[in-house]
Amino acid sequence: MNQHFDVLIIGAGLSGIGTACHVTAEFPDKTIALLERRERLGGTWDLFRYPGVRSDSDMFTFGYKFRPWRDVKVLADGASIRQYIADTATEFGVDEKIHYGLKVNTAEWSSRQCRWTVAGVHEATGETRTYTCDYLISCTGYYNYDAGYLPDFPGVHRFGGRCVHPQHWPEDLDYSGKKVVVIGSGATAVTLVPAMAGSNPGSAAHVTMLQRSPSYIFSLPAVDKISEVLGRFLPDRWVYEFGRRRNIAIQRKLYQACRRWPKLMRRLLLWEVRRRLGRSVDMSNFTPNYLPWDERLCAVPNGDLFKTLASGAASVVTDQIETFTEKGILCKSGREIEADIIVTATGLNIQMLGGMRLIVDGAEYQLPEKMTYKGVLLENAPNLAWIIGYTNASWTLKSDIAGAYLCRLLRHMADNGYTVATPRDAQDCALDVGMFDQLNSGYVKRGQDIMPRQGSKHPWRVLMHYEKDAKILLEDPIDDGVLHFAAAAQDHAAA
């Protein structure tokens, strides 16, 4: 089975749907398709179904610029985000272009044919399917959907209760009245604890957040009161645009302040924790051993985690795991924490391009040896884009302008009769650091060796800066001397 499309998008999550909407709106006559491994669209927001799952960025900036998020809720729940993505796909007619249940294994470029051949397997039937396209766009994110990161905990087989990972939450898990230990201190852990603990029916008897080291945690309002008031008098579009611009500025200023005055911002963040939990709190449980934004900050709506801890329904323990026991976890300090259920909120496994192999003119494409061009295209990879969002701001801010840039690129190629566009480095700009070099999170460190390289200068640097990226992607000339164009197969030789 072989089908040809002008544009083929791998992944029907937040980035894939957004990119498809851009291309469909700009080029209504182009044939496009999305290949999605799961049986529903939504990507992360269909996969993650653990209690309390929500965005960790405000929805004004996490939503698409071209389709406003029309709610004053700041951090939305996972089901609402998935529905927003689905509604967007329906509105733009993208939902009809998705091929579900397909695991893409290889993509092979032929300079002679000027096209990609993409091979995958329909997992429900085992049928091999082949697609060809003029332009290929990967929107698969950067983590492995099959398995989250799980350290090799000693004695885990001895534990008599149930051990689960948030990435694959069991639908039948009943934690009501149970003693729960959540291992971890990142965004997933600080979301799970208040969602599972408390006095509501179905809540756990007690939840212990067991962390090796603390993370920075700060509170955001659950509801955007300013937008709520403005919405009574102004059109939704105006309210959304104001809220979006304001929040982009706040995100950027917070990040810049943490980088410029890290010790001051550290004191302010810790002061806020002490203010919410009281002066008697053991601050060693909330004082990280790194500076703000060396790792991503954890946002909690209306301080829900702090309220849960203050109520006694949950607690925090900072220690290291010696071994799992029949009844729970024995820490290196000698303390044993009893548990009926252990949740290993221990992070993600990095995976590039959804695990897809790239082959360019018969040669294996070595992604860790290449750089990204403007954070969107890949060095020496013809007619290929890779959409990756921000790690220091809302993911969608970057994926949105990347989709708009691709439309500019495709328009430039069409207007000038080009069939191929390939970024080439003629100045040896590659550095021996990964593209996320500004972030020291565990999952980034574990995945350094499989990521593309960071470049020494533009356009090979990954900036993680919305205003600068917006100018580069939306305003700067497409033809910059680094991006090489060819009008026919014989004019193009891939490196």
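Cβ coordinates are placed from backbone N, Cα and C, and glycine is handled just like the others.
Feature annotations, courtesy of Swiss-Prot:
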BINDING   SER15, GLU36, TRP45, ASP56, SER57, VAL104  FAD binding site
SITE      ARG296  site 'Transition state stabilizer'
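Known features from Swiss-Prot, placed on the structure.
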residue: SER15; record: FAD binding site; Cβ within 10 Å: 28
residue: GLU36; record: FAD binding site; Cβ within 10 Å: 27
residue: TRP45; record: FAD binding site; Cβ within 10 Å: 25
residue: ASP56; record: FAD binding site; Cβ within 10 Å: 19
residue: SER57; record: FAD binding site; Cβ within 10 Å: 23
residue: VAL104; record: FAD binding site; Cβ within 10 Å: 25
residue: ARG296; record: site 'Transition state stabilizer'; Cβ within 10 Å: 18
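In this structure, VAL104 (FAD binding site) is part of a beta strand by DSSP.
The binding-site residues shown are SER15, GLU36, TRP45, ASP56, VAL104; of these, the one with its CA atom nearest the CA of ARG296 (site 'Transition state stabilizer') is ASP56.
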